[in-house]
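J.: Pasting the relevant annotations from TrEMBL:
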- 1-59: region 'Disordered' (REGION)
- 1-12: compositional bias 'Basic residues' (COMPBIAS)
- 19-37: compositional bias 'Low complexity' (COMPBIAS)
- 184-473: domain 'Calpain catalytic' (DOMAIN)
- C213: active site (ACT_SITE)
- H397: active site (ACT_SITE)
- N417: active site (ACT_SITE)
- 630-852: region 'Disordered' (REGION)
- 630-648: compositional bias 'Basic and acidic residues' (COMPBIAS)
- 657-671: compositional bias 'Basic and acidic residues' (COMPBIAS)
- 672-683: compositional bias 'Basic residues' (COMPBIAS)
- 684-694: compositional bias 'Basic and acidic residues' (COMPBIAS)
- 716-795: compositional bias 'Basic and acidic residues' (COMPBIAS)
- 822-831: compositional bias 'Pro residues' (COMPBIAS)
- 843-852: compositional bias 'Low complexity' (COMPBIAS)
- 915-976: region 'Disordered' (REGION)
- 915-924: compositional bias 'Basic and acidic residues' (COMPBIAS)
Amino acid sequence: MIPHRLRPRGRPQPRAPKAAPSEAGSAVSGGSRGAPSQAKDTPLVLIPQPPAKKPKKVAPQDAIDEFWAKFNSKTPGIATTVLPKNVYAKKAGEQQPKGTIKPENAVKSYEEAAQNCKDKVAKIVKECRRVNQKYRDPHFDIEFDLKWGKKDCLTMLSGKKDDVDDDDDSMWNFDFGFSPGSVKRVGDIFENPKFFIGGATANDIRQGRDGDCWFMAALCTLGNKEDLIPKVCVARDEQVGVYGFVFHRDGEWVSEIIDDKLYLTKPDYDESWIERNLIEDRQRINSEEDYRKIYQTGSGALYFAQCEDPNETWLPLLEKAYAKAHGDYAAIEGGHTGEGLEDLTGGVTTEIFSSDILDKEYFWKEELMKVNKDFLFGCAAGIFWGRGNRKGIYEGHAYSILKAVEMDGQRLVLVRNPWGEGEWHGPWSDGSKEWTPEWMQKLDHRFGDDGAFWMSYDDLLKKYQTFDRTRLFNDEWKVTQQWTSLKVPWTVGYHDTEFHFTLEKAASVVIVLSQLDQRYFCGLEGQYNFELSFRVHKAGEEDYIVRSHGNYWMRRSVTAELELEGGEYHILMKVEADRSDYAFSVEDVIRANAKDRRDKLMRIGLAYDMAMAKGKIIETDDEKKARKAFEAKKKAKAKAEMKKNLLKEKKKRKHVENRDMRKQRAADAKRKEKQKKREAKRKAKEEEAKKNAPEVEEEEKKEEKKEDVQAEIAEEVEKQKKGGSEEDVQKEISEEIKKQEEEAAKPEVKEEPKTEVQEEAKPAPTPEAKEESKEESKPEVKDEPKETPKEDTKPSEAPPPPSTTEKESDKPTDIPQSDPNAPLPPPPPPMIDDISDDDLSDLESVVSDISSSAVSDAILEAKLASDAALPPPLPVDDEEDEFERDPWNAVAVVGLRVYCKGSGVTVKVVRPRDWEEGEGKLDLDDSAADATKDVVEKVEEEGRENKRKDNEGEGSVEGEGEKKSEGESEGSVVVV
């Protein structure tokens, strides 16, 4: 289809023909083109669309707070080891220095690494001579790596996204395209190999097919200063084929051992096709030997870097050692000249933009004129992605500055291209009108396209945008360093963790804040990139002395150089993190390479683990002491708070008990009074029973007589049933019963007047007595002795039923009905009103006496309850946010190095308390600094006041701990 923007105007585009009904039906049914349609017979099923979710109505501030809660990781951290059970990384972490680090000579680390390298080379030589074999590097065997097609020595570890297929030729499967033809030893490549021929110079260097122009430029710079390159190549045995080199990595020198195998551009004779046919077509006598001499002999046959001389070998071997140190040749693709200079010299590089130079006269006299003495310089043009050339200056390419001279009013600079070709075409270039025989003799210059050219100082500043200035250190300098790890938030501010260093006296100081060199574990660097900065404060002063020089391209380290008086200084760090969604996480890379590239993953993983061991936080003695002191103080405060709560709860419980006791006392008094009344009534009844004893006996006799009469009547009835009529028997029975009832009713008639008189004699009840009578009504009825019911009692004389108006609540239910003759219960304890002041003091002491075990048990129960509590469940309709699936989790490992000339220096790490929330600080040129000045000062003043109060009450454990408010902030602790 023609793109819309390329269609001719005014000409309508043809439309696609409509599908025939049969075709449409065929498309629905999935049949062939000529098959009958089945669309009409197929039932159409309509699936209802799910209802759209209504957006939650959340307050704007709540929505923002919820977003940030999901954005940041709840468990920040970094993988410190990628290899299982890495004993070496564990030991390396344990051997990291801790506490206050004392200074050492700046060249001491180099001397130790060089000696270690020499010892390893000597040991390998001895072993190889014993077995009569040349050395083969088992950890970087480029020959078998190429023959077997693994390319672990050529390419980096890589990962893959879930939505990218293995066969997809996309950026995720991008290969650097290294395709060397073969591998041979130095003795098979060079006819008369020599490691150095006339010494190592800048003119020896020719860049190969690797994009390491920055490293070649650094070597050119070193080659212009005597003895710098030989200090890197410390040991070798060319006959055995073993070479030892040292490089500066993360503040210390490390050694690297390699064999003498190198990559060649052309394949071997038995593997070649085109070149072999060309040789054989010429009908040579020995085609294979001719092939080797033409395609596989001399420096020109090498695939990567090569020396100018066809028999000089130091450059390709040094490049190989540098590639092995970083894992592979692809790892050294692209970089900055300053980084290469640091790795080769142990110096400190500062990135300088030509547009930022304030005093060009000072820059010329105090810096450029000291090249190859105190400083080394590299430069680059077109740093903002330029890809052309300006009068022979290639953009995006690294150059080295070899010399700076000033004579006869001319300021000239000698620059070299590491390619060994391609020169400046402006003034003072080869063949330009500025050159005269006198100037050729003064500058000892020869024309030729060798990559070296002269240009004026003004043109240098115009054509090159950045300069990498590397300061060199000798044995007059002392250095000390310390490393730590930082959790980097998304918000940018000065970190709570600080470095403190102390100078014994006034001295020149170079301060370097650096992060780990991720080039040593390419592929496992993760998704975060960090940019560092810092500022220097005098201890006890708010204003800073100096800020670090900002590096925008070379982000590995930032520096500051100044003169300082003796005393203590604080380094406040700012770490800015950027996240790349196109980079692979460490977990993705491990998962993608664990099966197929085990050896490669183990080698790079070991480098990763050893690097991360630097940032391992080891608890020092002072830190342990401070932590234990705080934990004891926190525990005492928690115990005091818990004891206070328990005491409060116990007092409350005691108050309730006392209240219940008072009520119980009142109820006991009432029961006691009722008991007395019941006892009096019981005694009165007993006396009355004694008086009425004869009458009772008479009644009993009457009852016995009545029973006898009834028995006789019953016998008589039985007899008459047999002999007489039933009517006569019934008549006699009724007469007899009537007679007995009349006799039995006579005593009751005599007692009725007496009962009425007694009732009339009772006084009228008072209101208090009425209440008592209500409460006592039921118990009194139960306690009175029951009389034997009499069958001849008339219904009219029966006792009245209980009143229905009496409330159920008025009836006492808790008074047990005991036998009247039972003994009285023991008297209850005295009431609260009866307790004296001494008793109250004793009670208070009992209440306040809470054992420490009870407090500890209460704290443990509270902790268990808190741990057992489940988090609130998420709403069912909520989907997981993209930031919640992959939250912000940036952790950086940083180190501080302090170089000092003329004084001793010590460095320590000051970490904040984990429980303390530090307030971020702003730079004076930050637009928010003025707006928040008053607020920051107020917060800082409150923090100092709280710290002072906390220090005053530090000795208290329980009593004073209760007086402290829960929101009181704690002071910081120095952890070294």
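Note: Cβ is positioned from N, Cα and C throughout, glycine not excepted.
Keep in mind that TrEMBL annotations are predicted by a computer and have not been checked by a curator.
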J.: Specify the secondary structure state of C213 (active site) as given by DSSP, simplified to three classes.
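T.: Reduced to three states, the DSSP call for C213 (active site) is helix.
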J.: Of the residues in the compositional bias 'Basic and acidic residues' (630-648), how many are helix, strand and coil by DSSP?
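T.: Split by secondary structure, the compositional bias 'Basic and acidic residues' (630-648) comes out as 19 helix, 0 strand, 0 coil.
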J.: May I ask you to report the DSSP-based helix, strand or coil state of H397 (active site)?
T.: strand
J.: How does the compositional bias 'Basic residues' (672-683) divide up by DSSP, counting helix, then strand, then coil residues?
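T.: So the counts come to 12 helix, 0 strand, 0 coil.
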J.: Between the Cα atoms of N417 (active site) and H397 (active site), find the distance and write it as a whole number of Å.
T.: 9
J.: What are the sequence-distant neighbours of H397 (active site), meaning same chain, six or more residues apart, C-beta distance under 8 angstroms?
T.: C213, A380, A381, G382, N417
J.: On the three-state reduction of DSSP, what should I expect for N417 (active site)?
T.: coil
J.: Note down the number of other Cβ atoms within 10 Å of the Cβ of N417 (active site), including every protein chain shown.
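T.: A 10 Å sphere around the Cβ of N417 (active site) contains 27 other Cβ atoms.
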J.: For C213 (active site), list the number of other Cβ atoms lying within 10 Å of its Cβ atom.
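T.: Around the Cβ of C213 (active site), 25 other Cβ atoms lie within 10 Å.
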